[in-house]
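Working notes, beginning with the structure itself.
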Amino acid sequence: MNWTGLYTLLSGVNRHSTAIGRVWLSVIFIFRIMVLVVAAESVWGDEKSSFICNTLQPGCNSVCYDHFFPISHVRLWSLQLILVSTPALLVAMHVAHQQHIEKKMLRLEGHGDPLHLEEVKRHKVHISGTLWWTYVISVVFRLLFEAAFMYVFYLLYPGYAMVRLVKCDAYPCPNTVDCFVSRPTEKTIFTVFMLAASGICIILNVAEVVYLIFRACARRAQRRSNPPSRKGSGGFGHRLSPEYKQNEINKLLSEQDGSLKDILRRSPGTGAGLAEKSDRCSAC
């Protein structure tokens, strides 16, 4: 299985993740995918051909193997890693959409040169607003997928130790036959390692959800105690808000009113018509 494409996609998300999220990604790729690709696939590579039962009855080996190993450990872990990594793509799509809006605003303001557009693509997006919800939802889904696969693994293979010998009496076996599993010790070691890595990822996901909620509450408390000034506020999200647009309209009206009063001061003999218009504008 080629994991390069998945790694490329998730590396982009890593730039906008929290510190705990970056640790989670390291655990995913170093302790799980690398071990799965380099070692585990070779250990389980001959599991079907080396599963031998002490009978010559045609079909008995295949039926017994399917009974005790309904899905290969390697394929189950591969499916788990793909589904666990998929929610992170929600964050990547949200960040791409947000950067697209920022580029659009730059073009509307006359700053659509390649240098500014590249700067938008490179800068780190803060986890706030709707992106905060997207990020939290993705972490929760990661947590649910990890827990669901741990439960499925427990249902399929109770215990973590790989047995050396199994007894099978499924049809078409003529009687109860003994079947031998290849490399049971190696498979037990890798099973324990992968389950431990999955448990670490669950702990990291829980810690990241708690961290995100705590940081959002702290930010909200800080905003209530120190409301942000309008002068220092920037960013494209603020420029798109209705409050910003209304403030700009009021500013233009006040500037127009001030310039009209200036004209009246400089030429006092222009008549009462302009004064009336000025008063009318002020009343508006």
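Each Cβ is built from the backbone N, Cα and C atoms, and glycine gets one as well.
Positions annotated as phosphoserine by Swiss-Prot: S233 (among others).
The phosphoserine annotation in Swiss-Prot covers S259 (among others).
The feature phosphoserine is assigned by Swiss-Prot to S267 (among others), with similarity to another entry given as support.
The phosphoserine annotation in Swiss-Prot covers S278 (among others) and rests on similarity to another entry.
Residues or ranges marked as topological domain 'Cytoplasmic' by Swiss-Prot on the basis of sequence analysis: 1-22 (among others).
The annotation topological domain 'Extracellular' is assigned in Swiss-Prot to 46-75 (among others). Sequence-remote contacts of a segment are chain residues at least 6 beyond its ends whose Cβ falls under 8 Å from one of its Cβ atoms, and for the topological domain 'Extracellular' (46-75) they are 36, 40, 156-157, 166, 168, 170-174, 177-183, 187, 190-191, 194.
Annotation source Swiss-Prot lists topological domain 'Cytoplasmic' at 96-130 (among others). Restricting the average to the topological domain 'Cytoplasmic' (96-130) gives a pLDDT of 67.
Annotation source Swiss-Prot lists topological domain 'Extracellular' at 154-191 (among others). The DSSP breakdown of the topological domain 'Extracellular' (154-191) into helical (H, G, I), extended (E, B) and coil residues amounts to 11 helix, 8 strand, 19 coil.
Feature annotation from Swiss-Prot assigns topological domain 'Cytoplasmic' to 215-284 (among others).
For 23-45 (among others), the entry in Swiss-Prot reads transmembrane segment.
Positions annotated as transmembrane segment by Swiss-Prot, on the basis of sequence analysis: 76-95 (among others).
Per Swiss-Prot, transmembrane segment is recorded for 131-153 (among others).
Here Swiss-Prot flags 192-214 (among others) as transmembrane segment.
Residues of the topological domain 'Extracellular' (46-75) grouped by DSSP class, helix first, strand second and coil last, total 12 helix, 2 strand, 16 coil.
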